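This report concerns only the one structure given below.
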Amino acid sequence: MMKYLMFIFFLIPVLEFWYLILLFLGILMILFINTEFFFNFMSVISGTLGGDVISYYLIFLSMWIIFLIILASTQIYNLKDYNHEFMLTLIFLLIFLSMTFICSNFLYFYMFFEGTLIPTLFIIFGWGGQPERLASGWYFLFYTLFASLPLLGGIMYLYNFMNTVNFYLIILSPSFMFLLCMILAFLVKLPMVFFHFWLPKAHVEAPISGSMILAGVLLKMGGYGLYRVYLFIDMYMYITKFFMFLCLWGSIIMGLVCMFQVDMKSMIAYSSVSHMGLSVMGFMTMGSLGFVGSFIIMLGHGFCSSGLFCLFNFIYLRTHTRSQFINKGLLNLFPIFSLMWFMLCINNMGSPVSLNMMGEVFIIINLVSWCYLLFMFMLLMYIFISCFYSIYLYSVLCHGSMNYVLKVPSIHICEYLLGMMHWIPLNFLFLKLEFFYY
């Protein structure tokens with residue numbers, strides 16, 4: 001693993017050559033795909049580094065999303081808008097993300113988990129389009145920092161009693177307050193409903209790179225953290241029922257909120273909260289199928305939500321508005337783009353054949369074993385609402401009469417490529433679901 005990290009680190013001397021960095025990142029992903037080091041229950045690199053199949057997929061997802069961010073941010077390179085600093089920020093963000101997913105030591109994990117906050121803030125503050133980006137950046141900063149302080153206290157408590165902070169060596173019967181300290185930071189990062197207020201603000205004011213990295217990878221860090229502390233949660237099974245109800249009810253409420261959004265970027269952000277709530281609900285079932293379904297939804301959401309933000313940014317660059325009352329009738333202007341938008345929207349609602357659908361199927365199977373009819377009814381209600389706002393998102397943007405008679409530039413081939421590079425893994429990983437059963 002260290003050779004991949006050094007590969008990323010030595011991209012710094014070629015910051016000026018974006019297309020060379022794209023080439024090297026492509027080579028790095030090909031090399032990383034061919035490794036089988038992580039396909040065990042636990043692969044130990046050293047006393048503080050180790051990972052499993054979850055780490056493998058999330059590191060690859062980070063590389064993939066960073067690669068697509070560079071492709072989507074060519075305007076920064078063309079305008080020379082501090083392009084060297086932007087690329088340096090992305091490289092350090094990729095290093096921090098990779099180290100977060102490869103650490104088996106709680107203290108190092110905490111350091112890199114919080115370290116990802118700094119490059120993300122630089123992206124929002126430095127390349128955001130509106131003055132309100134400062135307020136959204138402070139929301140993001142203080143929500144994550146204040147929620148992470150109890151996690152640091154919990155890690156110190158672990159070391160005091162166990163004399164180790166390794167994920168795989170901790171055997172402890174924690175108190176309920178200790179459990180809350182350990183999971184609060186991850187619930188805010190996901191974010192779970194009632195801790196989600198920073199996310200729509202950060203998405204709306206962030207540049208396309210910030211929205212893609214937030215939706216694609218940073219939200220998954222919260223889910224990854226929950227996987228690492230699941231032994232503590234398993235000791236409080238009566239609490240998991242409360243979290244399941246809260247997450248599922250929150251997903252339904254966020255789906256209803258999506259229906260009444262005028263700002264289309266905000267609508268995609270609230271749909272992220274809804275999907276991640278379903279992922280947490282699947283995790284809290286504490287069953288093997290629930291774990292797999294939760295992880296599949298996280299991975300599928302990383303591709304789908306990032307793709308929706310990316311495609312909508314292409315429209316925003318041409319119309320300079322996020323309002324659904326103005327962005328209409330794009331089927332007349334961009335028929336191929338409308339097809340790609342439709343494919344991502346139906347993936348967002350979990351249609352066959354997509355990762356989101358398989359994740360929902362696994363969670364439904366696990367819920368049947370619980371025999372809770374209330375949860376089944378709420379889950380079906382969530383699926384219906386998700387279908388409704390996803391189809392609404394497509395129909396509002398692509399159908400209807402155009403409200404502007406402007407000379408709108410055509411969609412470039414690179415932008416079509418970006419859309420397809422989000423859609424292809426989202427649907428073709430469906431054919432290799434055995435990857436998730438190691």
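Every residue number used here counts from 1 along the chain in the order it is shown.
Yeah, the Cβs are placed from backbone N, Cα and C, and that goes for glycine too.
Range 208-227 is the one annotated as transmembrane segment, of 208-227, 268-287 (source: TrEMBL). 208-227 is the stretch from 7-33, 86-102, 165-188, 208-227, 239-260 with the greatest number of Cβ pairs below 8 Å to the transmembrane segment (295-317). The transmembrane segment (208-227) shares more Cβ pairs under 8 Å with 53-74 than with any other stretch in the list 53-74, 140-159, 329-349, 361-392, 404-424. For the domain 'NADH:ubiquinone oxidoreductase chain 4 N-terminal' (1-100), residue counts in helix, strand and coil come to 71 helix, 5 strand, 24 coil, using DSSP. Stretch with the largest number of CB pairs closer than 8 A to the transmembrane segment (165-188), among 140-159, 361-392, 404-424: 140-159. Within the model, the domain 'NADH:ubiquinone oxidoreductase chain 4 N-terminal' (1-100) shows a mean pLDDT value of 85, rounded to a whole number. By the Cβ criterion (distance under 8 Å, sequence gap of 6 or more), the transmembrane segment (404-424) is counted as touching the transmembrane segment (53-74), at least 3 such pairs being found.
Within its own chain, the transmembrane segment (140-159) has Cβ neighbours under 8 Å at 106-107, 110, 113-114, 117, 120-121, 124, 165, 170, 172, 178, 180-182, 184-185, 187-189, 195, 197-198, 201-202, counting only residues six or more beyond its boundaries.
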